Amino acid sequence: MTNRKDDHIKYALKYQSPYNAFDDIELIHHSLPSYDLSDIDLSTHFAGQDFDFPFYINAMTGGSQKGKAVNEKLAKVAAATGIVMVTGSYSAALKNPNDDSYRLHEVADNLKLATNIGLDKPVALGQQTVQEMQPLFLQVHVNVMQELLMPEGERVFHTWKKHLAEYASQIPVPVILKEVGFGMDVNSIKLAHDLGIQTFDISGRGGTSFAYIENQRGGDRSYLNDWGQTTVQCLLNAQGLMDQVEILASGGVRHPLDMIKCFVLGARAVGLSRTVLELVEKYPTERVIAIVNGWKEELKIIMCALDCKTIKELKGVDYLLYGRLQQVN
């Protein structure tokens, strides 16, 4: 487990997708704004809760000493900036009660913390996770292609829908169904919604590629490195569901303009993984805190130029699609 978790960090920083769909969407500038910069409101609402800022540090790691070091850096950044942090899958701690890589309130007691578990795990383990972590919400991740590419991965999937229904009805905190960089299709969202899930992180292709990571760990299926749909493609495909479910976006988000494009396409909030991981691995924590705080001001600047006071108003912004996105239905 430890080596696999460390491999994930190592290879996540190496791969760069040859295509980023955010470059194929262009927002229409407004020349006569209605609001002052000081009027702009970054707050958002999802999973039954209000949040001051519309982006969060998404699930990445844990379960090793390297993972602990990364998590502690991320926790300090999240606490200092007031954004939510989601830990990586809690499965390592369930297997090893001595694992302390998730005990992040000891690092930052004011941390807004959520956590993550795989849908292959029965609901009893999800309940244990919530009891031990006391998270704001629980992400339940689906990663079928990653599992199939892992020599030690799961091969039994018929229980997943049953597990999901049980998570939706038996977990005492909000449950978010999360992809892991392959993108979530509309039919899966509809099915999960029917099973009781209201909030989805569609986590599209464009950032961390677990197909690439598993291939680097010894696989030979590099032709699957770019499997799945991009975040923008998933958001476009899910337009008809935006009034029925809550959509969060992650995957390939590089900067505040990419975040804004997600909000324009209906996302309630945006998760960042690799972008933040690169920062904490490259810079001192204080500088990363300054960068993340800077993102808040940059979001306000872009929103002001788009004549939008709130995140919700961004859904009314006009945009142009180019390249591959012109083919998305």
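Heads up, the Cβ atoms here are built off N, Cα and C, so glycines get one too.
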**Asked** Among S31, S89, which is the one Swiss-Prot gives for the FMN site where A59, M60, T61, N116, K178, S203, T208, G252, V253, R254, S273, R274 also bind?
**Response** S89
**Asked** Using Cα coordinates, what distance in whole Å links G252 (FMN binding site) and Q146 (substrate binding site)?
**Response** 17
**Complete:** Least surrounded, by Cβ count within 10 Å, of the binding-site residues R254, R274 is R254
**Item:** Greatest C-beta neighbour count within 10 angstroms, which of the binding-site residues Q146, S203
**Value:** S203
**Asked** How big is the gap, in Å, between the Cα of Q146 (substrate binding site) and that of S203 (FMN binding site), rounded to a whole number?
**Response** 14
